[in-house]
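I have placed the structure first, in the form of structure tokens, so that the comments after it can refer back to it.
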């Protein structure tokens, strides 16, 4: 060993000998220390999600537009700003908790109003108003202690002292040390007297490189303005980027001692110049650690898009969380949901364009617009649309948190810069089963592959036409899939002359057989299980009976509702089943119905309407009834059906048992009738008063009722079929034949193309080695990125010739020897 220390050895042994739980706690604490600034960001964003006020809105915006964009880490000024701002916010909230303020007298009435001014500002009176602010302050102080422990809290001053020693030589005095040095333009003491100013502009503009000491080896502070105090008390300003801007700044400073207007301009410039210089250094960095986190940004946007689609009810006016199928079936789209979808999709398209153009300036502008726009929409417009506070909208809070992750990734991408090479799809970097199936799933998403190809063609410099571009993309995708299969064959080789294992045959082949059988018999299985397993009982709400003799005025009309519609109790149901013991047809019919599917309707025998037939029609009907040789029609109309029966009398005219299907007309059940004969009913005419001026109505009574009642009445049993649940109604509504036509035949067409079209693609599928073709496609991407557009045309012509020449394809795809 080059270095050995007994104490360190003993410490290592002591640490290893600790319990696993304690080691886990140590590891978690070390992780917390290493990511203390991320903890601060998380607590600040969480506090804003809970409070959702203007007071807590400032720090999240500063995080995404200042802290996360700082290189290499947020400066001391930011952390001091966050600490002081949090302390001031706590004091302000505490001050406005007193009850003598007018808005604190009706807290229960105004606490849920999103546009109540105290709620918007964040000074409303509530329990636990300062809990999250105290946690935020604790996290900030914890991070401050970590920075101080590692010597990173005062690194700006240390870096300036070292740079002053290098730049001043004999001209600057080092006695002041940290006191006389300054880091940038924003640290200039503007209150000092300005009697004489010495302006120095170097002929050749170069950037200052600060030496890094042992404690600040990673420090890369970029500042374009440096001021130093000479022995004579004069100031020297050096501008290494914008000479004109520095001169204008100094002129404004000279005017500041002459007029108040000049002083205001100087103060404004004092704020503007550091901000402008910060973003200028961000767009034109001295060093660029290129990275590519576009995939993670795309995944964050995709998660947000899914949240909007499945939680769209949270972006509408009403908060009732209905399922997506029932909401879409109503053909109603909330305006806020539409705006959210369009914004989300639009940001994904713009982000793709910026990624392809590799423009950091455009990304910075887009980041600023998006940060301010999203916060304004989520915390000022959406609460008014939904009529509830943001802190009460869980879906919106989840969407905002994922969007904050996107903002953090975008800031990291801006800080590091875009990659100089964008070659192929991110899923095509490795050749294994995971990448293969993910890539094929990516290509199965409707319109995603086409949209990506067109966007890449629009925002990438190329000489290829759109059709040629799509051709190259399709060839590359096909070759990548073949490469994955060839790599899998190398990892799991099949010995020559050895038959396939039963595990492979019964595993793959058996799964395909089961899948095909399920597809063929899916409609029958679905329609059978949808009602027997997941079906919902469909009880009738109203049962109506109308009886008409011939074409005359109806003689009887009656309805049964509510308490007149009764379900059978267990004893009645068992007695009902026992009464058909030995009747095979009846028992077979009853197997499809449970006790809750049978409803007994008790209809009163007296008609609920008077018989208002005219005297001529009355005489004609009497003559027809007295003529025993003539046929007479008795029409009975039930709830949703009607039928005619030819009879001379009212014998065997009452069906007694009715089947009520969910999708067709009701019909009588002949299997439950004795000898398939309908029941008899008695009909009588009741008169109240004289024959000419009295009122008349008909009274019917059923013979052979199960429930013996002394008064005249009718009894009717309704067997209701189960209906499919609302969530699956869109499939069950097609029926068996509809499912076969729309599902099975369509899937069968694709399966048939897979099994019957193999012979036409042998020369493009059975390629032993695709490395040369894959390298050719990659070379096309590479020369396109480097701007060699003429070479791109030549390589594309070579690729097309290769696919047009089978002989050349055979030579190119031979195994390497």
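Positions of Cβ are set from backbone N, Cα and C atoms, glycine also.
Per TrEMBL, the stretch carrying the note transmembrane segment among 364-386, 548-570, 571-593 is 364-386.
Checked against TrEMBL, the range among 231-255, 256-280, 506-530 recorded as transmembrane segment is 506-530. Within the chain, the transmembrane segment (14-32) has long-range Cβ neighbours (under 8 A, six or more residues past its boundaries) at 39.
Between the transmembrane segment (466-485) and the stretches 39-66, 336-355, 430-446, it is 430-446 that has the most C-beta pairs under 8 angstroms.
A contact between the transmembrane segment (364-386) and the transmembrane segment (336-355) is present, since 3 or more of their C-beta pairs, 6 or more residues apart, lie under 8 Å.
Residues of the same chain lying 6 or more positions beyond the ends of the transmembrane segment (430-446) and with a Cβ under 8 Å from any Cβ of it are 477, 480-481, 483-485, 487-488. Secondary structure by DSSP for the domain 'Piezo transmembrane helical unit' (34-154): 82 helix, 0 strand, 39 coil.
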